[in-house]
Every structure is written in C-alpha cells, then in structure tokens.
Amino acid sequence: MKYILSIDQGTTSSRAMVFDKNANIKGFAQKEFTQIYPQPSWVEHDPTEIWGSQLGVITEAMANARILPNEIDAIGITNQRETTVIWEKNTGKPIYNAIVWQDRRTAKICDQLKKEGKDKIILEKTGLVLDSYFSGTKIMWILDNVEGARQRAENGELCFGTIDTWILWNLTQKKEHATDYSNASRTLLLNIKTLEWDDELLSILNVPRAILPELKESSTIYGKTDKALFGAEIPIAGIAGDQFAATFGQACLKKGMAKNTYGTGCFLTVNIGKEPIISHDKLLTSIAWGRKKSVTYVLEGSVFIGGAVIQWLRDGLEFFRKSSDAEALASSVSDNGGVYFVPAFVGLGAPHWDSYARGTIIGITRGSTKAHITRAALESIAFQSFDILNTMKKSIPNFEIQELRVDGGASQNNLLMQFQADLLECKVVRPKITETTALGAAYLAGLATGYWQSAEEIVSLWQVDKIFEPSMPKNQKEKLLENWNKAVGKAKSWIQNSHSS
C-alpha cells in the first residue's frame with residue numbers, strides 16, 4: 001500500500017499529513033514556530049526554523065501513520081503565499097529573515113511606484129493590485145538593505161524563493177531551485193498571460209533575473225528528496241500556494257465553481273477557467289494551478305478579519321471561554337437586534353481596500369446584549385463574503401453562483417453557514433474533509449505520479465458533510481444588507497484625518 005505525504009507550511013505552523021487513496025488522513029503532525037516583529041507593521045520568520053519545524057513534522061506524521069519513507073508514493077507542497085526568502089546559493093544560508101505576507105514595511109515603495117503610474121502596468125500583466133502584500137517589493141527591500149546583497153544577486157550568488165521554493169531546495173539538498181505558476185503569480189514579477197518572468201516588471205521592481213527560480217507546472221515531478229533525509233528518494237510532484245491548493249482540494253475544477261475558506265481571514269476564490277479576467281474592482285486574478293500544459297485562473301477576494309472577530313470577543317472582551325461557544329450564544333437570540341459589527345480592525349480588504357477604516361459596532365440600544373453583539377460578529381463574516389461575491393458578479397461575465405463550497409475553522413459554525421446561504425441565495429456546501437489545503441497539494445502530487453488517474457477521480461472523492469439551503473425572505477435579506485452597507489459607510493476612512501491608528 002502506498003501513500004501521499006502533504007507538506008502544509010502555514011503562517012503560524014508547519015504541518016504534514018499522510019493521505020491514502022480514498023483521501024483519508026492516516027497521519028498528522030503540526031509544530032508552531034516563532035513570529036518575529038522587529039518593529040510595528042513588520043513581520044518576519046526565521047527560514048531555518050521553518051525548515052527545521054517542517055522536517056520534524058514530516059518524520060512525525062510518517063511515524064503517526066506507522067509507515068516507512070519507501071511507502072510514500074509522492075510528496076505535495078502547499079505554503080503561505082508571498083512570504084519571501086533570499087539565500088546564498090553555495091551555503092543555502094538565508095541572508096535575511098523571511099519577510100511575511102502580512103509585513104507592511106514596503107508600503108512607501110508601493111506609494112512611490114503608484115505615483116509613477118506603475119500600478120496600471122502591474123495590474124494588466126500580473127492581475128494584482130500594487131501592494132506590499134506581494135513578494136516583489138519585499139525582494140527589492142532585502143537587496144537594498146542587506147549589505148552587498150544587490151551586487152551578489154547580480155553575480156548569481158543568491159537565490160530568491162517563496163516558501164515552496166525554500167522547502168523544495170532543502171528537501172532536494174540544493175539540487176532544485178524552482179516554483180510553480182500559482183506561487184509565481186503572487187510575486188508581481190510573473191506575466192500571467194505569457195507565463196514567464198517579465199523583463200518590464202523586473203525592471204520596475206529592480207529585481208535581477210539571476211536570482212529567480214525555474215517555473216514549472218503545479219502537478220509535475222520537481223525532483224526527489226535527498227536520500228540522507230529519510231533514507232529514501234521520494235518524488236516531490238506537486239506544489240501550489242495555500243488558497244489555490246484548497247480550491248483544488250475542494251474539487252472546484254470547473255469554470256464558475258467557488259470556494260470560501262473561513263479562517264482568521266476569509267479567502268474566496270472562483271475558478272474562471274483558461275483565460276484570465278483582469279478585475280477593475282480590486283479583486284485579484286491569479287493562476288490557481290498548471291497541469292497538462294495549461295493553466296487555470298481564479299479570481300480571489302480576501303477578507304482581513306473573519307474568524308479573528310470571534311477570537312477578539314473571546315480574548316479582548318471575554319464574552320466566552322471557547323470560540324466554539326459563540327454559536328450557542330448567538331443562537332440564544334432570534335436576530336441581531338439591530339446591531340451591526342464591522343470588524344475593520346486593520347482596515348477593510350476586498351472590495352473596499354480601505355486601510356483607514358476601523359472597527360465599528362453600531363445600532364446598540366439599552367436592550368442589546370452580548371448575544372446580539374456575538375450574532376452581529378458572526379454575521380459580519382458572511383456580509384463581508386457576500387460583498388466579495390457580489391463584486392465578482394460584476395467582474396465575471398454571466399456569472400451565477402450555483403453553490404459555495406466551504407472550509408476552514410469557522411465553516412463548522414452552522415449558524416454562520418446558514419446565514420451565508422441566506423445572503424447569497426445559493427447552497428452552501430461543507431465537505432467531510434475540511435483539510436482541503438493539504439488535500440489539494442496531495443492530489444496535485446498524486447496526479448503527477450499516477451497514484452490518482454484523473455481529475456474525475458478527484459471529483460469522485462469529494463464528499464458532502466452538510467448542505468445549507470437559503471430560506472430567508474427576500475425583503476428581510478434586503479433590509480439586512482441595507483443596514484450593513486450603512487454600517488460599513490460609518491467605518492470607512494475613520495482615521496483618514498487623524499494622526500493615530
């Protein structure tokens with residue numbers, strides 16, 4: 001019996017999972033690692049610690065599954081996207097910490113490039129908004145702030161990679177320096193139409209071509225693990241960024257299919273097929289995966305604060321002891337009692353992109369209780385996801401959503417999922433396996449080696465846990481949305497004219 005090992009390198013922890021042919025989890029391990037905050041709005045990770053934690057959980061997951069390395073058919077890698085590492089080609093030693101996707105230190109670089117009108121070129125070629133979220137300006141910052149780095153980069157002495165590339169390089173012990181199209185599409189350096197690193201983009205961001213990894217499909221054999229690591233040479237056969245792997249793991253393989261991941265934030269992706277659609281409504285167009293000589297594109301919208309609003313009620317206001325208690329408290333009242341909660345703790349993401357918005361709880365009366373506020377907080381997650389899907393309808397011609405597939409921690413909340421179905425007026429479907437990110441990477445690897453035969457087989461493995469059908473009267477829904485939009489209006493631009501944030 002053979003298995004697939006999935007490496008899931010996330011923002012706060014490194015995980016590994018072993019799957020069998022029926023997509024059942026046979027072994028699992030997870031290890032958290034250090035978050036480094038050198039100054040406000042800066043976020044870093046130690047790449048060596050990431051690799052060490054990842055190596056540890058791979059061995060642990062195999063032990064938990066009671067299998068030997070030679071029983072692994074292939075390895076798939078999925079990762080936190082955009083996070084940037086630069087290391088020495090000869091020694092494999094990082095020249096600086098990894099700069100994490102959440103890091104805002106390059107915001108001023110982005111502002112300057114916008115003043116020069118570069119954001120329009122970047123949007124047309126990459127499908128991305130010009131923002132410090134993506135890798136391009138992070139690379140620029142490291143090369144300009146680490147002594148001698150730019151010269152060494154131009155001499156071909158350094159390697160750049162997103163986290164997938166860093167893990168691959170270490171698994172193969174310096175033999176493979178490559179990335180997949182999905183991760184590359186989040187760097188600001190890949191032309192998503194030609195599928196090549198783009199000279200004009202490299203020139204705008206002042207990034208030397210010599211440091212870039214080779215571009216490959218997401219489902220192909222990248223190389224093998226070095227025998228010294230596990231005592232076996234295991235093919236590494238699948239790579240995709242986390243939200244793209246989750247889209248694949250949800251079997252959203254046809255154009256028009258959509259998934260939403262309800263984690264700390266929410267990430268909503270819609271498969272838009274084989275042709276990119278560039279959104280002028282501040283949604284992101286990316287490559288979800290490349291396989292069989294073609295790529296699939298997605299449109300993505302992200303909500304900064306999703307499940308994190310419930311953590312805040314738990315830790316900041318001490319409304320309940322466990323996040324899972326939120327559902328019972330919110331269900332103890334029949335509606336939000338006129339209370340609306342806009343959780344713009346760090347501004348608003350898509351489709352507003354307002355970094356000056358701040359959190360707002362509005363409509364409170366003497367009769368409001370913590371149950372109403374908790375219900376309003378849960379509803380805010382669904383309202384924000386509704387706003388993204390509504391914007392997607394404007395960007396995608398003839399787009400009518402049939403069902404929304406859901407995963408992530410907060411997808412276990414039945415009240416929230418029912419409210420989401422009511423707002424969207426479509427089915428919300430939760431699968432049996434909600435570890436869709438790791439599963440997607442496993443599928444991509446297994447398809448490359450023939451462990452799974454076809455996309456149809458992947459679709460057949462996807463199983464429903466629960467379907468939520470819309471049941472709210474239209475006039476009630478419209479009233480809720482009208483009030484939500486009023487509340488968002490109050491939260492927007494809150495600190496625009498003040499000096500504090």
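Every residue gets a Cβ built from N, Cα and C, even glycine.
As given in Swiss-Prot:
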BINDING   Thr11, Thr12, Ser13, Thr264, Gly307, Gln311, Gly409  ATP binding site
BINDING   Thr11, Arg15, Thr264, Gly307, Gly409, Asn413  ADP binding site
BINDING   Thr11, Arg81, Glu82, Tyr133, Asp242  sn-glycerol 3-phosphate binding site
BINDING   Arg81, Glu82, Tyr133, Asp242, Gln243  glycerol binding site
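The closest partner of Gly307 (ATP binding site) among the binding-site residues, by CA position, is Asn413; the full candidate set was Arg15, Asp242, Asn413. Counted within 10 Å of its Cβ, the other Cβ atoms near Glu82 (sn-glycerol 3-phosphate binding site) come to 25, all protein chains included. Comparing the binding-site residues Gly307, Gly409 on other C-beta atoms within 10 angstroms of each C-beta gives the minimum for Gly409. Relative to Thr11 (ATP binding site), the binding-site residues with Cα atoms inside 10 Å are Arg81, the candidates having been Arg81, Glu82, Tyr133, Gln243, Asn413.
The number of other CB atoms found within 10 A of the CB of Gln311 (ATP binding site), across every protein chain shown, is 13. Other residues of the chain with a Cβ within 8 Å of the Cβ centroid of Arg81, Glu82, Tyr133, Asp242, Gln243, the glycerol site, are Gln80, Thr83, Trp101, Arg186, Gly241.
Comment: sn-glycerol 3-phosphate site residues Thr11, Arg81, Glu82, Tyr133, Asp242; largest CA to CA distance 15 Å, whole number. Set side by side, the binding-site residues Thr11, Ser13, Gln243, Thr264 differ in how many other CB atoms lie within 10 angstroms of their CB, and the most is found at Gln243. In this view, Arg15 (ADP binding site) is surrounded by 23 other Cβ atoms within 10 Å of its Cβ, with every protein chain counted.
Applying an 8 A CB threshold to same-chain residues 6+ apart, the list for Tyr133 (sn-glycerol 3-phosphate binding site) reads Glu82, Trp101, Gln102. When Cα-Cα distances from Gln243 (glycerol binding site) are compared across the binding-site residues Thr12, Gln311, Asn413, the shortest belongs to Thr12. Each of the binding-site residues Thr12, Asn413 was scored by other CB atoms within 10 A of its CB, and the lowest score goes to Thr12. DSSP classifies Ser13 (ATP binding site) as strand under the three-state reduction. On a Cα basis, Gly409 (ATP binding site) lies 15 Å away from Asp242 (sn-glycerol 3-phosphate binding site).
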